[in-house]
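Taking it in order: structure first as structure tokens, then the write-up.
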Amino acid sequence: MSPPQHFMEQLDQEKRYPAATQDQEITDETTNSKDGYDKEAQTVVTTLDDSSVNSSRDPANTLPPVPLQMKLLSVLLVSCIGFGSQWSSGVSSAMKSTMKKEMHINNTQFSLLEASEDFMSSALILLTGIFTDRLGGTGCIVYGNIIYTIGSILIAGAAETRSYKFMIVGRVIASFGDIATQVAQYKVFSSWFPPSHGFASTLGFELGIKKIGGFNCGFSSVFWTMVGMNIFTNLATILLFFLVRFCEKRYTSIADPATGEKLTEKNKKVDFKKVLEMPWPFWCMIAFTIFQTTTANVFSQNATELAEQRFNADSITAGWYTAVLQYAGFFFVPLLGVFIDIFGQRVSAMVVCGAGCFLSMALVCWAPSIKGTAAAFGIYAFAFSLGPTVIIDGIRTSMWHQGAFGTAYGIKVTINNA
């Protein structure tokens, strides 16, 4: 073989060997990568299996859901608490004329008596909502009702001795308890029932029972009856406290079917940023409740004197008329709650409520006859029955997270009292 030919064959062999070596290296890398992928996949599967086993072993996931009987019992207890609270808060408005005569005070002094409680609510209710989200509704109800009972005893003593200043002190002390329970009652509902799945129905039932609680007359005996109502409220609160603790140990958390969010009674920490992070539909509800609640407060506080003047009735009979305004819608409010849970139509209910409140005030101003005043009372009783249920349910529905409901309701009460 000639040297040039031998040299060419040697070059061909050198070209083939690196190519073969490179192919072998690529094959080895592919094999190694496949083995690596198999090992990683096996690791992932093993991890998933372990997490599944661990989750199945988690006691919280093995607990059964809260039965309907326990939910209904909680609604009944909270409604009893609301009944006692409404009885106590409705006394002064229904007995305005009698209080002025018995305690020898004028309209300015009576307004100061009402404003003392409203001022405390305006100053503290927002913080109460934030801390209720953190501490839970049940605990706040327990402590709030104890404080409210102490205040009601002082108020009854002031009515017995006809002491105006002493009654102001009692109202301020009672306001601390009332502030704590206002938010906490609905916080309990929000942790048991999601929107459109029982929340509005339970609100309607509780608010209907509250309206029955506004049906009262008399003077000093009524204030002592208020003390008895608060003792009854405390008993219901204690039962609710132990019921919630029992369900927390025996049953799993309730989930919102729409979002999958676990409903909780209290958060892990206090979060003040929630006040600035409320969604815009919530602020629309707040704008509506400002006008609706203001109209309702003005009408309710002056209904007794209005009935005396327009119907030529004495103070006792006028007090009954005022109580009927609060009592008349007790059977309608639960039906409204069921309607909202099934069909929604919250905006439609708000429109009817707003139009009814406007019409009732217009009749009072421009139809001073007996028929015009009676029509105003009837329209107001119907329209006012729509307001609380649709407002509170609308606030809850507008929330991104259920844990911020206490803060949201605190904002609502703060703005209403401002």
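Glycine too: its Cβ is placed from the backbone N, Cα and C atoms.
Those TrEMBL annotations? Automatic predictions, nothing curated.
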Per TrEMBL, the transmembrane segment among 60-79, 280-299 spans residues 280-299
When counting C-beta pairs under 8 angstroms to the transmembrane segment (319-340), the leading stretch of 280-299, 347-369, 375-395 is 375-395
Residues outside the transmembrane segment (375-395) whose C-beta sits under 8 Å from one of its C-beta atoms, at least 6 past its ends, are 186, 195, 199-200, 203-204, 207, 211, 281-282, 285, 288-289, 292-293, 296, 299, 303, 307, 321, 324-325, 328-329, 332-333, 336-337, 340, 346, 349-350, 352-357, 359-361, 363-364, 367, 405, 408-409, 412
